[in-house]
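Structure record follows, encoded as structure tokens.
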């Protein structure tokens, strides 16, 4: 036992350890180890405990081939991907962090490996075999090897996105072994142990998802809702009939289960997006009868582009954070798996936002990690280090509920919080040290005339101007920090058409930028979504505060005639799409790529004709235990940056995930 000795990696002297030829149990828990030296040897080691360290990588554990029991809990930089790596590398491993992983490990070592090998081989045959001439030079082999390894890691996909790092690690290994056998290309010196297969060994018949449940980072999927029938349908350019509804407030909400609805896809309809999953993962008290919890906000996780977990292969994440009731969930959109869940019993979450912080891990080394901010009714911002499954802090930002939060795209520690106290605050959340100590400070307070509902930073100058849609209008503030004034009134309020005149007084419950200049905003005027030019509407040269400016309208989008509020909109700038849900569970989609070139010119004029939706995705005929859910309002709908997935949040505790065909 070498526990609690403040040991660092350099203290594990291979000259000493290599003499311990018969050591079977080793306890290195509660130390400061960030990795294992490669040459400890220990040929007879069977049990290893290295919990409560700072380990970042597990591949060096392959030097202990007889290891049967391994514990490395509370190493915050190790993830599910590392669990799968050790299961593959250590052929005799039975217990991992106290759990019997025999079935899952058998699947990983054999079924998973065989499927990946088949995919790698097929990728070579289809795209690369014909690129090599019959007689090839070493230089040609080197070139094609480089291209093949990059291509195969990009295109060979298997299992959930939470395991994408493990999959690419195995794909690279398999690809290098394949090249070594086929072309005589030498393996890299750092290539991991070749997989061992035995044709006579019994296969695992579990699916990867079934097997992975043994290692799931959230609770079991305790209740699946049965007898679900889904029939997707679409309408083109049809306007919804009027369905008057009362203006509503955010009701008291609930949550607590990972129950899934399994839709049957309709194969006879030509739809541009198909329903993949219907999830009830925010239920209060795990109740399958909970169709009251309102779901409010969702945002896709950014892809890490630096640090040890650098991921150059993936351009867009398929993991989305959703919030509603007392919980925040992380969902894999492809598989419908709830990867993680965070719950505060006395909270009702209204908004979530991501940022990527470069954190110091040990010995002054740094690594990028995604941090999730979540806020709601209590006026408190929770800061969650997702990879570590750890809520490391909170900011008591407001005394009233927080309607929405967003991070600055240029200053990763700058967080804006918009509250029912009629203030928008800018915070520097700081960067936590290796013990998660951090210091948050308030940098700015923006005074609003009414409750702010949506906020957006101007893309061309995100450190200078912020736009907010409020209960009583659309406002802009100068947020430049070199100005001395910490508390600031709004700089401009925008006028919009209303009947025969212009008005500043209207509820703006949808606000987003379509590109660097075009703003999309939704007002309480029924059936109306405006597109307008920021640069032509805002007079940056004018002096004084609280000026009234007329929004230069570029176009109007045809939308539902409901007067229901808080059905917000979103944009997908890379694909030039606008999305907005309605009071009947439908999603209105507008492809505006053919309009934006004209709007970009100074002569772009307001079109008198409203632009109809390119398509309306109708809520499927969804029956739960033979009954239709109650009235379905779409509170929010968000696409990932590449518009592969569309996540629809409803008023009836159902998250619907659609995939673009």
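Including glycine, each Cβ sits where the backbone N, Cα and C put it.
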Looking at 141-184, 229-272, 273-316, 317-360, which stretch does TrEMBL describe as region 'Disordered'?
229-272
Which is it, of 89-113, 114-138, 189-213, that TrEMBL names as region 'Disordered'?
189-213
Tell me the residue counts in helix, strand and coil for the repeat 'WD' (395-429), as DSSP assigns them.
0 helix, 20 strand, 15 coil
